[in-house]
Amino acid sequence: MSIAVFASGSGSNFKNIVLRSRVEAWGRAVRLLICDQPNAKVLQLAQELQVTAYLIEPSSYPSKKAYEKAILEILQEHGIEWVILAGYMRLVGTTLLQAFPKRIVNIHPSLLPAFPGLNAIEKAFLHPVKVTGVTIHFVDEGMDTGPILAQVPVSISEIDTLETLVDKIHQAEHNLYPTIIKQLIETETKWRRKEH
Ligand code: GRF
C-alpha cells in the first residue's frame, strides 16, 4: 500500500504518521511527501525521516489544473494509492479528486460540521464551546465537507488556554489519524484478498 502525505506547515501529523507506520510495520507505506511551501518545516522532517519529498509550488504553474497535473504525474510515477492531507492548506481540485475517488483523506481540528475552514481551534475556543475535537473525512470539492470517517471529542475546561487546547487537539490528532489510516489500509487489503 502506498501513501503520499500532502502538507504545508510544521508537519507534526506527517512525522507521527511516518513513525507509527514504522513502529506498527505498515511497511514502507508512506512513500512521499508533497509540499507546496518552500519554508515549511515539514520538508526538513521528511529529510530527517528519509521520506522522498517534492516541493511543488502553485506559483510555478499557469493554473490549478496544471499544478495538480504535475502532482498527479509524480503520484502515478510512485504508484501512490492513498493521499493523506495533513495540514495541506489548499482545496483539492477536480484533477486530483477524479484520479483518487474516495482515496483522499483529510484531518480537521474541530467536530465538523462545526468550525470548518481556517483557525478552527481558535474559533471553538473563542466561541466558546465546551467540547470541540478532531474529524477525519474523505475529501470532496468543498471546504471540509466530505463524508466523515471518524471523530473524537476534546473538552475545553475552565483552565484551558488557547495553547493548552491546541496541544490537546494535536494529541488527539496524533492518536486518531494513524489509527484510521491503518484501518483504511487493512480494510482494503481484506477486500483485495477476497477478490482473489
Ligand atoms: C492540524 O491541526 C490539522 O488538523 C490541520 O492542520 C494542522 C496541521 O498540523 N488540518 P501539523 O502541520 O501536522 O503539525
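Here the Cβ of each residue, glycine as well, is placed from N, Cα and C on the backbone.
Note that TrEMBL annotation is computational and uncurated.
Features of the protein shown, as given by TrEMBL:
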BINDING   Gly11, Ser12, Asn13  N(1)-(5-phospho-beta-D-ribosyl)glycinamide binding site
BINDING   Lys64, Met89, Arg90, Leu91, Val92, Asn106  (6R)-10-formyltetrahydrofolate binding site
DOMAIN    1-180  domain 'Formyl transferase N-terminal'
SITE      Asp144  site 'Raises pKa of active site His'
Which same-chain residues, if any, lie at least 6 apart from Lys64 ((6R)-10-formyltetrahydrofolate binding site) yet have Cβ under 8 Å of it: Pro58, Gly93, Thr95
Based on a Cβ-to-ligand 1 distance below 6 Å, what subset of the binding-site residues Met89, Arg90, Asn106 would you report? none
What other residues of this chain sit with their CB within 8 A of the center of the CB atoms of Gly11, Ser12, Asn13, the recorded N(1)-(5-phospho-beta-D-ribosyl)glycinamide site? Ala7, Gly9, Ser10, Phe14, Lys15, Asn16, Ile17, Val42, Leu45, Ala86, Gly87
Here the recorded positions are Gly11, Ser12, Asn13, Asp144, and the Cα closest to that of Asn106 ((6R)-10-formyltetrahydrofolate binding site) is found at Asp144
Val92 ((6R)-10-formyltetrahydrofolate binding site) - helix vs strand vs coil (DSSP): coil
Of the recorded positions Gly11, Asn13, Asp144, within 10 Å of Leu91 ((6R)-10-formyltetrahydrofolate binding site) (CA to CA), in sequence order, we find Asp144
Conformational class of Asn106 ((6R)-10-formyltetrahydrofolate binding site) under the three-state DSSP mapping: strand
When the number of other CB atoms within 10 A of each residue's CB is tallied over all shown chains, which of the binding-site residues Leu91, Val92 has the maximum? Val92
Residues that sit under 8 angstroms from Gly11 (N(1)-(5-phospho-beta-D-ribosyl)glycinamide binding site) by C-beta distance, when 6+ apart in the chain: Ala40, Lys41, Val42, Leu45, Ala46, Ala86, Gly87
Distance check, please: Cα of Val92 ((6R)-10-formyltetrahydrofolate binding site) against Cα of Asp144 (site 'Raises pKa of active site His'), rounded to an integer number of angstrom. 11
For the domain 'Formyl transferase N-terminal' (1-180), the mean pLDDT of the predicted model: 97
Taking only the Cα atoms, work out how far Met89 ((6R)-10-formyltetrahydrofolate binding site) lies from Asp144 (site 'Raises pKa of active site His'), in Å, as a whole number. 11
